[in-house]
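Feature annotations, courtesy of Swiss-Prot:
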BINDING   ARG41, ARG47  NADP(+) binding site
BINDING   ARG127, ALA128, SER129, GLN247, ALA248, GLY291, LYS306, PRO307, ILE308, PRO309, THR310, ARG332  FMN binding site
Amino acid sequence: MTLRYLTAGESHGPALVAIAEGFPAGLAVDFEAVDRDLRRRQKGYGRGGRMKIETDAAQFLAGLRGGLTTGAPIALAVWNKDHENWKDLVSPYARGGKKFTQVRPGHADLAGALKYGLDDARDVLERASARSTAVTVALGALAKALLSTLGVEVCSRVVAIGPREIRPDAPPTPAQRDAIEASDLHVDDEALAAEWRALIDAEKARGGSIGGAFDVYATGLPIGVGSHVHPDRRLDARLAGALCGVQAIRAVEIGDGTQVGRPGYEFHDAIHHDPARGFWRDTNRAGGLEGGMTDGMPLRVRAYMKPIPTMLHPLATVDLATRAATQARYERSDVCAVPAAAVVGEAVVAWELANALLEKFGGDAVEDVRRAVEAYAARIR
């Protein structure tokens with residue numbers, strides 16, 4: 001069994017819900033760790049007013065007993081406190097309020113309304129909103145729990161806000177991770193964070209928004225997770241697809257993937273072996289992936305987030321109802337959400353890694369999966 005899930009819910013609806021299937025029985029779930037990731041997603045310099053309203057927490061409804069997975073589908077919900085302020089506008093039982101027709105460039109509003117034959121883009125934007133990533137993060141926390149049991153850890157770091165970008169080539173150390181988690185910009189360099197805050201403040205003052213980039217890392221992965229056999233089984237393709245499925249992510253880089261101007265001997269990673277360490281590399285330009293499979297080095301992927309298209313200083317658009325020129329409608333939004341996106345990035349990467357590991361090692365009980373991973377690691381040494 002591999003992992004799969006479905007989610008439902010609107011940004012200002014009663015709740016975001018998910019059903020996940022495929023987790024082996026006996027996995028210990030730390031509910032506080034799940035809620036901690038939800039709180040991490042709410043943090044970040046440049047966030048909007050919504051995060052002052054919500055206090056996100058996951059309510060588990062099925063698939064666990066006494067903090068352990070049972071092997072049955074897991075159901076969970078993240079409730080929207082802000083629904084109380086929107087219940088007359090966003091309700092399964094009635095339609096109210098002014099129609100949203102001043103569609104916003106950069107959003108799903110126009111294409112979604114035309115595709116589904118809607119005269120009110122509210123039905124599009126409520127589902128397309130990045131608010132849905134709250135339940136994504138809760139699902140990712142479950143995947144992290146499975147990965148941790150198998151010796152794999154996932155973390156992230158913001159590496160760019162606006163044009164100011166850094167290129168760390170290794171996962172953060174424990175001390176750096178502590179600094180990252182303490183930072184309102186999810187970075188371990190306070191001088192750099194101060195520069196970034198100034199950029200965010202400048203965009204806020206002009207009624208704009210600003211994007212950036214983040215790295216996601218995974219350590220402890222064995223060699224050979226993923227496959228070279230078919231394109232849809234290549235782990236790099238799956239990770240890129242998962243990250244590009246996150247709202248506002250426009251590009252993904254694996255390792256030093258954009259540095260293709262280097263000659264080959266400066267781009268690839270020489271292979272070494274010794275009995276104690278097994279196979280190893282002294283560089284990690286590939287970012288832990290070769291030929292669609294993990295190569296035993298730390299995974300490193302970078303995702304690029306566009307500036308949020310909802311802005312106080314709006315762009316020109318067309319009214320969906322009249323086809324007349326107008327200004328895009330403003331909805332409460334963030335100036336910068338890159339730190340939050342990094343936490344979402346962790347979640348989707350963790351999910352894909354957990355799925356790929358279960359594909360390879362199988363098992364209906366966690367202990368079966370763990371033993372299979374250990375036996376494989378011993379074989380390839």
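The first residue you see is number 1, and the count goes up from there.
Including glycine, each Cβ sits where the backbone N, Cα and C put it.
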Quiz item: What Cα-Cα separation, expressed in whole Å, is found between ALA248 (FMN binding site) and ARG41 (NADP(+) binding site)?
Solution: 15
Quiz item: What same-chain residues, at least 6 away in sequence, bring their CB to under 8 Å of the CB of ILE308 (FMN binding site)?
Solution: SER209, GLY211, ALA248, SER333, ASP334, VAL335, CYS336, ALA337
Exercise. Inside 10 Å of the Cβ of THR310 (FMN binding site), count up the other Cβ atoms and send me the figure.
Key: 22
Quiz item: Which of ARG41, ARG127, LYS306 (the binding-site residues) has the most other Cβ atoms within 10 Å?
Solution: ARG41
Quiz item: What is the interatomic distance between the Cα atoms of ARG127 (FMN binding site) and ARG41 (NADP(+) binding site), given in whole Å?
Solution: 18
Quiz prompt | Proximal but sequence-remote residues of the same chain as ARG47 (NADP(+) binding site) (Cβ under 8 Å, at least 6 apart) | solution = ASP334, VAL335, CYS336, ALA337, ALA340
Exercise. Write down the Cα-Cα distance for SER129 (FMN binding site) and ARG41 (NADP(+) binding site), rounded and given in Å.
Key: 14
Self-check item: Listed in sequence order, residues with CB under 8 A of SER129 (FMN binding site) and six or more positions away
Solution: GLU10, SER11, GLN247
Exercise. Report, as a single number, how many Cβ atoms besides its own are within 10 Å of the Cβ of ALA248 (FMN binding site).
Key: 20
Quiz item: For ARG127 (FMN binding site), which DSSP three-state class applies?
Solution: helix
Quiz item: Which of the three DSSP-derived classes (helix, strand, coil) applies to ALA248 (FMN binding site)?
Solution: coil
